[in-house]
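Heads up: the structure comes next, in structure tokens.
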Amino acid sequence: MEKTFNLTRRDDGIAILTMDVPGETMNTLKAQFGPEISEILAEIKSDSSIRGLVLISGKKDSFVAGADISMLDACKTAGDAKALSQQGHVVFNELEALTIPVVAAIHGACLGGGLELALACHQRVCSDDGKTMLGVPEVQLGLLPGGGGTQRLPRLVGITTALDMMLTGKKIRPKQALKMGLVNDVVPQTILLQTAVEMALAGKRAPKPVKKSLVNQVLEGTSFGRNIIFDQATKQVEKKTQGNYPAPAKIIDCVRQGIAKGMQKGLEVEASHFAELVVSKESEALRSIFFATTEMKKETGAEGASPRKVKKAVILGGGLMGGGIASVTTTKAKIPVRVKDISEKGLSNALAYAYKLLDKGVKRRHMTPAARDNLMALMTTTTEYKGVKDADIVVEAVFEDLALKHQMVKDIERECGEHTIFASNTSSLPISQIAEAATRPENVIGLHYFSPVEKMPLVEVIAHAKTSPETIATTVAFARKQGKTPIVVQDGAGFYVNRILALYMNEAAQLLLEGQSVEHLDKALVKFGFPVGPITLLDEVGIDVGAKISPILEKELGERFKAPAAFDKLLSDDRKGRKNGKGFYQYGASSKKAKAVDESVYGVLGIKPGTNKDAKAVAERCVVQMLNEAVRCLEDGIIASPRDGDIGAIFGIGFPPFLGGPFHYIDTLGAANLVKILESYQSQFGNRFEPCERLKTMAQENAHFF
């Protein structure tokens, strides 16, 4: 059996320990490595000719990407998970206890257990390459660093910086890592090994004191000050997580106890807390999302089809969506883009939008001005169909007008090649209707982005009956290159995301008209786990946009999609939301720093906010509508699987990740329980709450999605 760790000795007394997991593109730490590492460390200790040790990766662009997450699923009990953490502690403590200098030479991803391995070394040097990132992202999986990270990181970079890294899971770039004292040096990759060897030859050095602000020096230097840091961190965490995620509080406790009672006690607490989190329902849900997205990356979206390479893209429309799509195509996919708009103003807006996003990177020193300018050079513009003939894909982002989109299809078929894909960014019009104008309907597909494009990770790839498998596969690959998570959905009004969102939003509107206040509604759903409440979301998306989509959904899908008529009064009062500074909340000069409701909205709607219902009951009424419709979408074949439905809801509308998505959450609730809740609401409020057939069948059979 091939080994993962190989020790080679140099003539100068420095040994190189190379980690290279056989048959894998990236290094990950596995439980079975423990004995192998211990054996090598024993060999090093017994060889007096070894004066120093350099730990390096044999992989091209990865140091260690973290622990193998599948190990956690093998843990049947908290005791199994605790043993896993303790095994890591034993190995890393052995490494740290070596009397010779140990240097980690880092190039590429150094994350999670990989960074904990590097922290157990006496010094660290990393490459200045863009692929090099350091971090402890375990919190994003509902976990904490279980290999000593909660103890070694605060001692190296300070409590405040360490908590920030562990509570956010952020990735640190090389220069930032040097500045914060996480690494001792940053060098070009070409001299990484040489530098690490020189550091090992120079011997162990006491770590440089971390540069801290005066406030942090004072706070971290006394037990009273440290308590202030921990208390503030706890308050911020509670506000952000609404008590829905247990990991952050446990991370704070590990650091607090380790600093107060010593490293040994800290490691004991870390192992116990890690074990509790591994078997928590929140971490299981978050890990299911991780596995789902990893699995989806291997799929083409159309079985048996291979994607064609996209060498050039055209974007029709220079508005917010068009500008955003053009921007991610050049900056993330590195694909040349031609933006076409009928007005010079639209084109200059698209260029300005892309420049502004790139310039943020320059200001944060994430890229050089030259790199920004090179990426901007990939974007060109035209008011006519010039320079579009060789486009492999055309993304249409014009107004939601069927006649206009028909004209775009005809123009593109006339101006471009026979293989050119026409992808419409429509949010509501059926793709089959857009394809009616095409002589090559197999090339027509939907590609629905969410706003703002550069931030929202999801895209819906919408296939109509005649879309070819190659068109689907090429569009999915194109979206992935843009840094997006694509889900393939079938054609139908609202597709998947807007369809499940519409009923949720409509129910929130009904509750508002029944007398629930705007703040109470929003707070109830944020407490449930959504990033923003439904009324805030309506203001952000645009009340006018909601008003355009609702009739389309009602016409195609039936009475249950009928929006409350009272909302027409908002448009009559010129309330569109944030975009025109007039909606449910105050904007502009009249708004205070804390978001305040525009109380005049109640008068416009002809209601008085009365006694607020229990927040859980408010959230339940909105959420069960979304759950029921998600199952209906599966029933109708709009989505291919519960997995796709979970990913679409989490990445498209911020469904609470700790619940795992609508389908995982239904499994947690139980189909029979959900049917009972829906039928109770149906008896009170009518047939919009009628459970779909699949749910009823599942309730009878006590079935699950996963």
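Every residue, even glycine, has its Cβ placed from backbone N, Cα and C.
Positions annotated as region 'Enoyl-CoA hydratase' by Swiss-Prot, on the basis of sequence analysis: 1-188. What Swiss-Prot lists as site 'Important for catalytic activity' is GLU116, GLU138. The annotation region '3-hydroxyacyl-CoA dehydrogenase' is assigned in Swiss-Prot to 308-706 on the grounds of sequence analysis.
Put simply, GLU138 (site 'Important for catalytic activity') is 11 Å from GLU116 (site 'Important for catalytic activity') when counted between their Cα atoms. DSSP gives GLU138 (site 'Important for catalytic activity') a helix state. Under the three-state DSSP scheme, GLU116 (site 'Important for catalytic activity') falls in the helix class.
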